[in-house]
Amino acid sequence: MSYHANSIEKELEIINIPDLEKEFEKSMSAVNHKKEADFIIGGAGSEYTLQHNISDFDNWEIVPSVIRGLDESRGNTATEIFGIKLKTPIIVSPSAAHGLVHSTAELGTLKGTFDAGSLMTVSTFSNELLKSIHEAESAAPWFYQFSFDQNQNLNNFLLNEAIRQGAKAIVVGVFGASFGRRERDIRNHFDFDSDLPFRQLAAFPEYPSGLDILKVNNRKRDINPEEIAKIKEQTGLPVLVKGIQSGADAIRAIENGADGIWISNTGGRQLDGIRSTIKALPEIVEAVNKRVPIVFDSGIRRGQHVFKALALGADLVAVGRAPLYGLHFGGARGVTSVLEQLRTELLNTMLLAGVTDIKELKNNARLEHSYPRA
Ligand SMILES: Cc1cc2nc3c(=O)[nH]c(=O)nc-3n(C[C@H](O)[C@H](O)[C@H](O)COP(=O)(O)O)c2cc1C
């Protein structure tokens, strides 16, 4: 039986992302794709970290400033990273297999992200070839998320292809030395459908079978700090290290050449029982001390979350699950709708809190811890 994902292209009317998540689960279940929905929505273990990534934003409250003579027309969310101009500080995190939710897979996500004035990070586990992604929207900036393999020939093949197809940066994923235990997937006996190959991995000439690549791809390893500098040298591109959760690791990454720190616990999909990224953020901001840009992900569901992450010192935020929900319901236009929804919510928060642009947000916005500090 062949895998049937949505192929609808439309703009979405969204109330908020948590509601969209509920609708996504229903819609996927209705077409027999409950296992796939669980793979996307779920997290590791008891999902403690998945939930705290979201709820810990409530530990911070915004202190508005309302006598500033502002008017709505002055709100501006534009920013940049590595010289790439963006309309929004909200970019797209790498995630595997976009073909699970929509027939256009990563091509739809790239177009939708570009149309929203943002940029996408393409996963090592993309359903589409990097060449197809690039050719579908050749003006769109994108980053490549690279997962280290034990096979150095495969690593070279992927990095060289990312350079050839015009990636603007390499995002090195650091996930720990094993896979997260996602109980929903274990219970569901989840496996990727053979109709949705990871085409870029499958193109590696030493492994001609598209399916076998899943077994030979040997990602169960940590990285050595020196490998950061090697990737930089090999690719000549800026390197962000994604998966940082402590000040000490941020310092180690920067000392070994990282051009950017990407704070992430993969949305609670790897190690359960760890602190949320919003809780880890202040420690990492202090350690980084403005030496390199900070991207923050895991738990962003609302514009006020974006506001809080930037006010605490992140330069950009990234979203993993939310754009997949948009892709499912509306293809590229659905992705644009989700990113626009979050940007509009952010703008609304900024204007109500009394800041007009991202620089001002980062320098002047005031947050207060909602419970007394020890
Ligand atoms: C379905 C799915 C697949 C993912 N695949 C990858 C991946 O291939 N590489 C990676 O670095 N992160 C991956 N992630 C983690 C995301 O990049 C990101 O860190 C996380 O989704 C952010 O949390 P959020 O979903 O709460 O926004 C994946 C996340 C999801 C939901």
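Backbone N, Cα and C atoms are what each Cβ position is placed from, and that goes for glycine too.
The candidate list Gln145, Gln234, Gln341 contains one residue that TrEMBL assigns to the FMN site with Pro94, Ser95, Ala96, Ser123, Lys242, Ser264, Asp297, Ser298, Gly299, Ile300, Arg301, Gly320, Arg321, namely Gln145. Annotation for the binding-site residues Gln145, Ser264, Ser298: lowest Cβ count within 10 Å of the residue's own Cβ, Gln145.
The sparsest Cβ neighbourhood within 10 Å, among the listed binding-site residues (Pro94, Gly320), is found at Gly320. In this structure the C-alpha atoms belonging to Ser298 (FMN binding site) and Arg182 (glyoxylate binding site) are separated by 16 Å.
The C-beta environment of Arg182 (glyoxylate binding site), restricted to residues of the same chain at least 6 apart in sequence and closer than 8 Å, consists of Phe39, Gly42, Gly43, Ala44, Phe190, Arg269.
Around the Cβ of Ala96 (FMN binding site), the same chain contributes Ser123, Thr124, Phe125, Ser126, Phe198, each under 8 angstroms and 6 or more positions distant in sequence.
Here the binding-site residues are Arg269, Ile300, and the one with the most other Cβ atoms within 10 Å of its Cβ is Ile300.
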